[in-house]
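Swiss-Prot has this to say about the protein:
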TOPO_DOM  1-11  topological domain 'Cytoplasmic'
TRANSMEM  12-32  transmembrane segment
TRANSMEM  132-152  transmembrane segment
TOPO_DOM  153-745  topological domain 'Cytoplasmic'
BINDING   G227, P228, P229, G230, T231, G232, K233, T234  ATP binding site
COMPBIAS  630-673  compositional bias 'Basic and acidic residues'
REGION    630-745  region 'Disordered'
COMPBIAS  690-704  compositional bias 'Low complexity'
Amino acid sequence: MNNRRNGLFRNSLFYILMFLSLMGIIYFFFGGNSGSQTQNIRYSEFVKQLDKNNVKNVSIQPSGGVYKVTGSYRKARTTSSANALGIKSASTKTTSFSTTMLENNSTVDQVSKLAAKHDVKVTAKAEESSGIWVTLLMYIAPVILMLFLFYMMMGQAGQGGGNNRVMNFGKTKAKPADSKQNKVRFSDVAGEEEEKQELVEVVEFLKDPRKFVSLGARIPSGVLLEGPPGTGKTLLAKAVAGEAGVPFFSISGSDFVEMFVGVGASRVRDLFEQAKKNAPSIIFIDEIDAVGRQRGNGMGGGHDEREQTLNQLLVEMDGFTGNEGVIVMAATNRSDVLDPALLRPGRFDRKILVGRPDVKGREAILKVHAKNKPLAADVDLKEIAKQTPGFVGADLENLLNEAALLAARRNKKQVDAADLDEAEDRVIAGPAKHDRVVNKHERETVAYHEAGHTIVGLVLNDARVVHKVTIVPRGRAGGYAIMLPREDQMLMSKRDAKEQMAGLMGGRAAEEIIFGAQSSGASNDFEQATQIARAMVTQYGMSEKLGPVELENANQQAAYQQGMGASAFSQHTAQLIDDEVRRLSQEAHQTATDIIESHREQHKLIAEALLKYETLDEKQILSLFKTGKMPEKDSNEFPSEKAATFEESKRELERREAEKHAQNQSADDKQADSADTTTNVSVAEPSFPSESDASSEVSADSSVNSTANSATESATDSDVATSATGLPNAESATPSSQDDTNSQA
């Protein structure tokens, strides 16, 4: 701290001395010209001019023990002055003069006699009360003011108006985090157990490196956290800082680059210099893709400064001098654009993928965020976790926050299941538009449209189940149907993809069958279905004509759509792709048409129920499909308990394990009798036509499913989308992270 203050003082003093020197030089050479209006003459010269009758008037004023004499000539006089080097300047004309004389009676009498002789007006003034100090202040005050303004301007120049001082803009903005203020611990990070285990080693190494050093292990140079937005990468870094108890420097990738050339590299050097002084320590760079993008991709010299900063970062992380005792943690959701030199071992030794949580992870995340929220007895967090596949931690936190806001708006003391259900709909499709005026024909069109999605989803239900269908307008959607996967999926099979496309086509097929017309309400359905079909052909190798080849990936497709790249295949191949996409879409449309034609009665029942009740849940939909009636109301329909603590969950797990062990032991003792008395219990379900009896496994990894399953950017295994039936230009109203919920409009 003292070094920084000394450096600041030296820099400030340097600029002040430069300013004073410049003023001295100007005064040294040109100060002689200041007398061009009033000529300063000797007393003898004054007496001589007064005797020659060249003086018009005179003023005499006591000042500091002498008399100050000022006056004016009768005619302008030509004078030439010289500067401090004796060099004469140009001649000037003057009419005023000034001089001093001794404060005695003889000099005063002499001047008075000469003035009376030539009729010169003499004026006597009182002595100045301010004295010489006021005079000095009048001359010095403007100089001091100018120096102060100059100092303030230079102090603000470093950071564009920031709080740093002169020449301090090359210093890093990262400051060691205060461990007392950071309350985040690993226990606050749920749903990422494997990721935490990888980081536990880093924390233990920083606390006690002897266990690792004894085995010849070295401390990792860097840890890269990559994954979709909202999965908790920054929260993990905060938890590491809270657990490690070592100096933690946090900075954003964009903070390295400023308007001045070389500032980024200077800040990198200063950051690592501070971290090494406080070693062992951790440096966390959030959004490192802002400074770590691959070099050589810029056009012209627009990226030279960023590349210079990246080069300095590469050297600091693993250069000639090494980087002992400093661990670099970085977070990004665009690891594909990072420079290969930054990703190699020795710089980022460990790459941790922070993915989307599974159903258990979502339940754990919900429990963490529900700690400070009073939940009613009918809230089942496990059920909510099942209903939110694809949601990340940020989405789940937002879901509970929306539910709490709704409960407060309704003047409730607790957050109940109705609040959470409404919050889920708001997050997926936006707020409800109950007051929107919809004419009778459009309302019927929306009802039969959504019933078409529902019927196809009920028939092709090997992998997905219909969770909810509604015709209440939300956002830009006139209605929507939510299809949930039976369990978390990481892959998508060809059969599953075709079933999803058929479900999306169910709305248009129902409109054509019932009304013999087409509306714009299916536009969003076509958008999703086309994306799935195109991904099947160009990315997943599910086309017999084109075979198992990858013709484009998500990045190439985005660049081509923005006009920044050329197609990677010929025009003939492009025509084949279009033909295959059209064929798959037409097959899905025909499948949906056949299913609705063969289930016209159930389709009508569900549509009429939607017109009456507006929203149907899973139990009501299944009852209408199987029995043709709405289910009876049950007060204990949703039995649930409050969110369990860790110890309660552990005891419950032990109890279930004990019961399971006892049942297995009993089965072994009575194997013969149990074989005769075992009753096969099966749920009575209708016989639904399907393509095969095989289980619906999926064959696309989570990084590719975003194109196949939703209009969102993030990598998922299915989709959430809404479209407004009967409303043109309907757009998806879903967050990019909850793609596992198939909401078809």
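Glycine is treated like the rest: Cβ placed from N, Cα and C.
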How many other Cβ atoms are found within 10 Å of the Cβ atom of P228 (ATP binding site), counting all protein chains shown? 25
What three-state class does DSSP give T234 (ATP binding site)? helix
Other CB atoms, at most 10 A from the CB of G227 (ATP binding site): 23
Check G227 (ATP binding site) against DSSP and tell me helix, strand or coil, would you? coil
Restricting to the same chain and to sequence separations of six or more, state which residues have a Cβ under 8 Å from that of G232 (ATP binding site). V189, G191, E192, V354, V392, G393, A394
Taking the centroid of the Cβ atoms of G227, P228, P229, G230, T231, G232, K233, T234 (ATP site), which other same-chain residues have Cβ within 8 Å of it? A331, N333, V354, V392, G393, A394
Whole-number mean of pLDDT values that fall within the topological domain 'Cytoplasmic' (1-11): 51
Within 10 angstroms of the C-beta of T234 (ATP binding site), what count of other C-beta atoms is obtained when all protein chains are considered? 16
Would you count the other C-beta atoms found within 10 angstroms of the C-beta of T231 (ATP binding site) for me? 27
Cβ density check for P229 (ATP binding site), other Cβ within 10 Å (all protein chains) comes to 13
Within 10 angstroms of the C-beta of K233 (ATP binding site), what count of other C-beta atoms is obtained when all protein chains are considered? 25
